[in-house]
Every structure is written in C-alpha cells, then in structure tokens.
Amino acid sequence: MRLTEAQSKAVFRDAGLPVPDGEVVSSPEAAQAAAARLGTRVAVKVQIPIGGRGKAGGIKLADTPEQAAEAARALLGARIRGYLVHQVLVERASSVASEYYLSVTVDRARQMPVLIFSTAGGMDIEDVAEKTPERIAKLWVDPSLGLRDFHLRWLLQQGGAPADLSREFARFVRTLWELFGRYDAQLVEINPLAQTADGRLVALDGKIEIDDNALFRHADLAAMRSVEADHPLERQAREQGLAYVKLEGDIGIIGNGAGLVMATLDAVQREGGRPANFLDIGGGARAEVVERALRVVPGDPDVKAVLLNVFGGITRCDEVARGLLQAIAALGGTSVPVVVRLTGTREQEGRALLGEAGVRGVSSAATFEEAARRAVDLARSHGNG
Amino acid sequence: MAILVDRGTRLLVQGITGREGAFHTARMLEYGTQVVGGVTPGKGGSTVEGVPVFDTVQEARAATGANASIIFVPAGFAADAALEAIEAGLELVVIITEGIPVQDMLQVVARARQRGTRLIGPNCPGLISPGEALVGILPGRVFTPGPVGLVSRSGTLTYEVVHLLSQAGIGQSTCVGVGGDPIVGTRFVDVLARFEEDPATRAVVLIGEIGGTDEEEAAAFIRERVTKPVVAFISGRTAPPGKRMGHAGAIISGRLGTPQSKVEALRAAHVPVADSIDEIVRLVGERLGRPTVASRA
C-alpha cells in the first residue's frame, strides 16, 4: 500500500522531521483559503499514490491565492497517470539551494534492507543509477545488527554529503531507518531532500510504501488506504477476498495459482487477444469462491468473453464446475460466452457436470492453447455482434 | 537419488492440528513420507492421523529424531515458527504459509543462513522427490520418477508442466517450488547447484516469472557452473509494469523484473526459453535425446 505524499509527510512530521507547511484540500475554494493562510507562493500538488507527478502535469506553482484556486480547479477531477484526482496538497513553496536523495528499501537480491543516499536529488533515482552511478551511495544493513553510527559515517562520506550538515543528515537517516522498521515499510523515500536557502534540510516530497502483508499490525495505516484511488472493480474484488487486477483488454481471465493465471494472460496475448483482468482463485478453491469470481469478472463492461483455466491439484475440478453453474443459476444465464478448461483432479466429474447442465454460452476446451484461442475468437465475434 | 528430500527425510509438521496442516499431513503420509511428529503449542500429547503432537519443536525433535519441518502456521505466527525450527537445529525448513511480512522474512532468512539451515519458501507449494517423499502440498499423483529436475516460483504452473512431462513419459528427480514472495529462503541458484551435483538429474526445467532478478542470477550461474541442459519458461511476459500479479514477488518495479531482461539473460546463457507450456516438454525431450510420447504420436 502506497501512502500519498501528504500522508507520508504527516508521518515524517510526527517523527520530528521538517516538512513544508501545507494543507490537503478537495475544492478550489479551500485551496484559495489555504494559500491565503500560508501567505506565500505555494505549490499545488495532486495527491495520488504514484511517482512522476511533476512530469505528468500534476504539480503547479501559484503566486496568489486566486492562482492557487485556479490550479486546484484544473487538477481536481482530472485523471493523472490513470488516477482520478480527489485531493491536492497546497504547500508553502521553498527556495532551494541544493537537492539530495535519501531512502531505505528492501534489496531483494541481497535480501537485506539498503540505505541509499545521493547528491543528485530531485531526479528519477533509476536514471541517476544508470547515468552517474558514482553519485549514489548504498549501504546494506544486517537486520540483526541494526543501524550503527559507523553506518551513518560510511554512507554520508561515500555519498559526498556536505560535512557542515552531517549532523542533520544523520538525523534524517536515523529517522527514516526507524520508520522503515516501525511501519513495516518496503520503501521510505525523500526525494528531494532539500537544503533551503537558509541552510536547513526539509523533506520536499515523501513516499512511503507499506508491506500489504503487514497491515494486520498497522490498523491506523490500513485506514489511510485511499479507496477512491483504486479501480472500483479492484475494490469490489478485494472486499470479496479475490486476488484481482484490472487490465485493459476484453477477455476476462480466471484461474488457480498466480503463475498459471499469468501464463494464461500470456497465452491469450499470443493468440492476439487482450486480457481484461488477472484473477487468481487460489489453491483448493471451493465452489463459492469460483461463484464470486464469475460474478465479478463478467461485471466488467469491457469483458466480451471469459476464460476459466484450472489445473486441479488440490483444487477439485468438480468444485470449480459447481461454482460456475451456481454463478450462472444466480445470474439467470451468462451475459458473455465462457470458455472452461479443466484438467487434473476430478476433471472427468467436472466436465460431466458441465455436460449434463448443458448451459448456453459455456463451452469446454481440452488444452491451454485451445482455450486461449477459443476465448480470443469468441471475444472477437461477441464484440462485433 | 534426489535432492533435498528423500526416503530418509524425517518430517515434523508445525501447525499440524490446523485444517491445512491436518489435511496435508494425511496426504504426505499417504504418499509415503515419514511424518514423524507434529507441533502445535498447547496441543502436546494428542495425535493427528496417528502422528504424535508436541508443544515445542525442540521436544518433538528429541523424541522423534526429525531432521526437517514443514510449516502451516498462520502468517502472523509463521516467522516465529520458522525461527523455532531453525534454532532447534533442523536441516530443512519448508514454509507453506502465504502472506508473511517481508521484514519478518528478512530476519528468518538471515538467521537460517547463519545456522546453515536450508529454508524453502514462504508462499510455496513445497517439494517432492517422486516415489520417495512429498514435503508440501503438491498433488503427488501427477509426478513420476525420472531424470528431470524442476525448480519453479509457481505451484500450479509446476503441476501443469509436470503433468505434461509425465504424460510424455518424462519423469522427475525432484521438483522444488521456491515460492512467490520477494524474499524467499531458497533461490534458483541454490537449487541449480544441487541439481548439477545430483547424478539422478540429467536435465533441468526452470519456471520463472516477472519480478526480482533471480532468473538473471540463475542465468549467470548456469553459464559458469551448470553443465546439464536447462530449459526455461517465464510467466507474466505480457504483464504491465507496476501491477502485482497475485504473487507478492511478481511485480515489475521500475526497471527491475522485466521479462525481456530475464529472457535475454537466459538465452545469452544458451538456455532455451519456451514460449508455451507445450514447448517446454518438446525442448526437454530433445535435450534428453529421446523422442517423447507426444512427439511420436
């Protein structure tokens, strides 16, 4: 789960790190009032849980409260990089002398937390890593050792942090490290970490990503999930306990096991089709789960055909067939054609159930490739018809 | 012959009294695995499927001579269970549980490394040496003994591929599901090293997916250290960046984890990357130097 900039900055502020004064608002009038209260030049920034907002036109500067209102009017309700903008942050604009980069994240390859510092702040850190790797300092911290003083000295010296600010930098690094652990973060990032004209360090932007698997011990953070930012279908599926991801095509995909579902998406694309979603019913799914999946996926207006691809290991094919029939009975038929491919545990029983029921719009395929091809054909003819 | 688990494996089931633990204990016993004990704190003295249950791993190990453990404990308690198994000195610890916080796993993985424990998972289906031992939730009946070692980040995709291999008359030495999380105890390179040393393994199938750089590291390792033929498959090749595809580890983030990078690295190491599941079987058959049932038909 990604916190927005304003949420991240609230966490920083609570931890004692300086951030610019600002207010989150959701109307032009409130933006104008906030800018008037701040009484300076302000930045109006869209609050969506994704980076690259500046490049996408999501950040505007305003010299007067009227300009702030105008900026908010242009941004609120706009769609930026796929996210609908509900809120903007109106924030005191800072005069910046230099910009740094600081983060703590998990290095998957080394299986350790890593601190990253760079004097090339305000840029995409991956660009910096590619073009000027010498400007990035990295320090891996053994979790059983924790962050030690010498770690700080190494990181800041290697990264070329100005010596007169080393005490301030050390405070930022320590606090970020502590927040990383306390909030089960995958990433805590300040970019840019600015040195202002009067020589202080301020977090001008902030990004915190929380490990979804750890939300059970952070009820306060879970409540911050901005439901508006999600796709409504994804929200609906999550509420029903389904692993669903909305994609941009027209063939609904349901399968068991993440790897199998991904391979099904690939097979559909290879046959020239475009998947509308990813949906994993998981291992050992009962009929009810299958039924829920078959209510969510065809509920997407983009979907022209559904492909249900199941390999029965622990999952029983007869349970899957039963779930499919229950969904169709409950919905009074199927609005789009469904292709079913059942292999493995109890496949004969599963196919027999479907055969006996003989539901209109439901057909079986024997292999992975055949199922993908059939779904693509059906989506095409259904789309045209 | 096989790697990691065989007839000599003496297994404890942590979380044996839970629904999943009890169900899979029965299936592992049925397959012939030596399940010698179970552990559920507070349930010591009872039995599940005729297997004695203990309160602690230490006690279970002393009483049964167990050398391995499989964990079905819920996510909030699984890291503790794994650390208990590691501290009790078990050689192999397999975590089936899905949804364990990453920072918990960082500690568990670091500790397993220090103690020399072979940790597999989490969020994995376990492993099987066909005809010898099943330590996991894999459907035993699709596997057949033979010369192919398989290592995979995905469970059902493994079953799918093995089903086709078995149908084509190609059996397996050991199949290892390493798990779909970003931080896992055993990675492709660890398993490849074992297969390279295992006389019973003559070819290897590697099933990767988007996210992380394990496939790239495997490619580098194969190039330098593996003499046996390897065939690969990468799933999620058409997945868009930034979307987590079910597995917590299956996400293209920034410039890391793209399928192009994985496919290129593997091909540069002379590892053919199959475009479809069916093609895996054909490529393996060719490398074993014998026509498969499917290609004869």
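Cβ atoms are placed via backbone N, Cα and C, with glycine included.
The active site, tele-phosphohistidine intermediate feature in TrEMBL is assigned to B:HIS247. Residues or ranges marked as CoA binding site in TrEMBL: B:THR17, B:GLY18, B:ARG19, B:GLU20, B:LYS43, B:ILE96, B:THR97, B:GLU98. Residues or ranges marked as substrate binding site in TrEMBL: B:TYR159. If you look up TrEMBL, you'll see B:4-100 marked as domain 'CoA-binding'.
Sequence-distant neighbours of B:LYS43 (CoA binding site): residues of the same chain at least 6 apart with a C-beta under 8 Å from its C-beta are B:THR17, B:VAL53, B:ASP55. Remark: secondary structure over the domain 'CoA-binding' (B:4-100) totals 34 helix, 25 strand, 38 coil, with classes taken from DSSP.
When the binding-site residues B:GLY18, B:ARG19, B:GLU20, B:ILE96, B:TYR159 are ranked by how far their Cα is from the Cα of B:HIS247 (active site, tele-phosphohistidine intermediate), B:ILE96 comes first.
B:ILE96 (CoA binding site) sits 16 Å from B:TYR159 (substrate binding site), taking the Cα positions as reference.
Chain A comes within the C-beta cut-off of under 8 angstroms for none of the binding-site residues B:THR17, B:GLY18, B:ARG19, B:ILE96. As a whole number, the greatest separation of Cα atoms within the CoA-binding residue list B:THR17, B:GLY18, B:ARG19, B:GLU20, B:LYS43, B:ILE96, B:THR97, B:GLU98 is 23 Å.
Ranked by Cβ neighbours within 10 A across all protein chains shown, the binding-site residues B:GLY18, B:GLU20, B:THR97, B:TYR159 are led by B:TYR159.
When other Cβ atoms within 10 Å of the Cβ of the residue listed as 'active site, tele-phosphohistidine intermediate' are tallied across all protein chains shown, the result is 28. Over all protein chains present, the Cβ of B:GLU98 (CoA binding site) has 20 other Cβ atoms lying within 10 Å.
Comparing B:GLY18 (CoA binding site) with the residue listed as 'substrate binding site', their Cα atoms are 25 Å apart once rounded. Packing around B:ILE96 (CoA binding site) is summarised by its Cβ count: 29 other Cβ atoms lie within 10 angstroms of its Cβ, all protein chains included.
On its own chain, B:ARG19 (CoA binding site) has no residue at least 6 apart in sequence with a Cβ closer than 8 Å to its own Cβ. Mean pLDDT across the domain 'CoA-binding' (B:4-100) comes to 97 in this model. According to DSSP, B:HIS247 (active site, tele-phosphohistidine intermediate) sits in a coil region rather than a helix or strand.
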